[in-house]
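Chemist: Let me give you the structure first, and then I'll get to my questions.
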Amino acid sequence: MSPEAIPDPESMLAEQAHDALDPDLRRSWQELADEVREHQFRYYIRDAPIITDAEFDQLLRRLQALEDEYPELRTPDSPTQLVGGAGFATDFTAAEHLERMLSLDNVFDLEELAAWAARIRTEIGADAQYLCELKIDGVALALVYRDGRLERAATRGDGRTGEDVTLNARTIEDIPERLSGTNEFPLPTVVEVRGEVFFRVADFEDLNAGLVAEGKPPFANPRNSAAGSLRQKNPAVTARRRLRMICHGLGHVESSGGSPFPTLHDAYRALKAWGLPVSDHTAQVTGLDAVTERIAYWGEHRHDVEHEIDGVVVKVDAVALQRRLGATSRAPRWAVAYKYPPEEAQTRLLDIRVNVGRTGRVTPFAYMEPVKVAGSTVGLATLHNASEVKRKGVLIGDTVVIRKAGDVIPEVLGPVVDLRDGSEREFVFPTHCPECGSELAPAKEGDADIRCPNTRSCPAQLRERVFHVAGRGAFDIEGLGYEAATALLQAGVIADEGDLFGLTADDLLRTELFTTKAGELSANGKRLLANLGKAKAQPLWRVLVALSIRHVGPTAARALATEFGSLEAIETASEEQLAGTEGVGPTIAAAVIDWFTVDWHRAIVDKWREAGVRMADERDASIERTLEGLSIVVTGSLAGFSRDEAKEAIIARGGKAAGSVSKKTAYVVAGDAPGSKYDKAIELGVPVLDEDGFRRLLAEGPERDAEDGEPG
């Protein structure tokens, strides 16, 4: 594998080690949040993670700990508040789940498990009855059956909206086209079934053998291959892949008899009776001791099952208790995943090479003799930065210990010094960028990371920046994926992201990717041009995000767009004016000022403006300013509003869509599973509205709300 083929490891752990008293605390939070989002994208969208599950879990925990210590940093679009794949554009049609499809919180040792069980016991006043299930390392899928017939299949996505993969799901042998009810378990009118799509180990090995025989690269592990196979554009490819599925839960159920199942165990019996696949390894137990016994057993027998597992999922069995315990914004409180310790192996370190990420960070990678770990073959691992290479003490030629958490790129723990024979050599970090030849240096004194300063034209940074423009948090352009961004740049069709909105059919015909064998523009090419045209009308905050201004994510972008109304006003504003905007502050203000001082940055704006991209928000005069000056926090899920729609409704009426609750908050709008913001509102005495109250507030303002006596 060449350095160019390495997936960009843009954001790594070392950059985030800031002291809690650092005056740039918000910048530290933003960089850590961006790092987590980057790895979520690589895992959920590209099916090509570059760090281990354990490393990602550590990143997410660091972010959670920072937000717990400084709650004012926590925003609705923080990775700690969202389900895995939230905020990323894909090429599939969106499918809204009938009920939120949440993720799971993880625990990594028996002490953490005991703490979770203690919270359950405190809440319900007794030892709970649990279900212990194998945690399959696959891809979550939701099936909707209406009147017994398969209507739709969708991936988890952001928990509210996933990707419609119905055609592909129909090719999976385990998924029935029609369910059959029984006397004991009659079919509901509508039932949403959740489960995991996976490869059996033997089928995965056969798949890779076939790919190699065809001269194609094999998949790294069963999880990635399952994700890639389920998300194929051609269902015939999925059909050949021998995917399997096991069902492990229910979402929305419409039944004439009300809630049909008192326990999850009963629900699983019903799923099996209807003809759906369920696990033979699920156990119904009572109390923590019985749970730990199941965890210990499967820790010793994890390779005895036909598919890969990376832990045991523990769920409160009684459905009534599940409702009582509720959920956070991203995971149920009544379930937890116990993840087994990563597995380790020894192999030889053949070489260390570097790769350049989107922000210019240069990351060393370990190339190793392929070795079997956790059921798959490993030959590549990240070493993070030059300081980390020295800290680990590894030399090229060493026998090293690698640890694999889940089934992604592993971690090099260190060398086996006793096996050295004197032929080993030290890694010398390059002085120049391997992609563009620029001299490398830290961005500032004391940084652990070395960066390429050629932000304008370094090919690696260009690829990532162009792709960023299409992200769901930016212009949300379907069809402009990583492959398309690379093809456009390599063909010289665009010089940078500034050229995107000026693309024509003739331009796309210069790339093989968008040209048919007959030399005509492909359907994907036509779709890309249409989507670029639609994207020109996106609101100002999305334009700001797309510009890749450091620290400016959706929250800050909305604040700036609301305050200034146009890109020209933002560009000409003083640093003091920018910093005085609620939700912005001095760090972001300085970054905005710095960005607009660069000539080629302003040239991007000029190109977009000339191409017809909307650079100002025009307020709808028909919408009354009923919320002028009010700070409103929305928490939990609302039936009639997406997260963005609720924010935009507040902003359009002159209000501020805040991310955290304080004494300055005028109202908290609490939807389903509101989480800690609701608790904070009660503690501070901030009025709390349900969705109906929110609608009245939008329409009539706070005076009518006070007259109506909305709950507070």
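Positions of Cβ are set from backbone N, Cα and C atoms, glycine also.
Checked Swiss-Prot, it gives:
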| type | residues | note |
| --- | --- | --- |
| BINDING | D53, A54, E55, F56, D57, S103, L104, E133, R156, E196, K315, K339 | NAD(+) binding site |
| ACT_SITE | K135 | active site, N6-AMP-lysine intermediate |
| BINDING | C433, C436, C452, C458 | Zn(2+) binding site |
| DOMAIN | 622-711 | domain 'BRCT' |
Chemist: Around the C-beta of R156 (NAD(+) binding site), how many further C-beta atoms are within 10 angstroms, looking at every protein chain?
Modeler: 24
Chemist: For the C-alpha pair, I'd like the distance in angstrom between C436 (Zn(2+) binding site) and E55 (NAD(+) binding site), rounded off.
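Modeler: C436 (Zn(2+) binding site) and E55 (NAD(+) binding site) have their Cα atoms 30 Å apart.
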Chemist: Could you check the binding-site residues L104, C433, C436 and say which one's CB has the most other CB atoms within 10 Å?
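Modeler: Top count of Cβ atoms within 10 Å goes to C433.
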Chemist: I need the CA-to-CA distance for E55 (NAD(+) binding site) versus K135 (active site, N6-AMP-lysine intermediate), whole Å please.
Modeler: 19
Chemist: Which of these recorded positions is closest to C433 (Zn(2+) binding site) if you go by CA atoms: D57, K135, R156, K315?
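Modeler: Comparing Cα positions, the closest of these recorded positions turns out to be D57.
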Chemist: Under a three-state reading of DSSP, tell me whether R156 (NAD(+) binding site) is helix, strand or coil.
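Modeler: DSSP assigns R156 (NAD(+) binding site) to coil.
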Chemist: Return one of helix, strand or coil for K315 (NAD(+) binding site), based on DSSP.
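Modeler: Assignment for K315 (NAD(+) binding site) reads strand.
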Chemist: Looking at the domain 'BRCT' (622-711) alone, can you tell me the average pLDDT?
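Modeler: When the pLDDT values over the domain 'BRCT' (622-711) are averaged, the result is 81.
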Chemist: If we check Cα distances from C458 (Zn(2+) binding site), which of the recorded positions D57, K135, R156 wins as closest?
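Modeler: Result: the closest of the recorded positions to C458 (Zn(2+) binding site) is D57.
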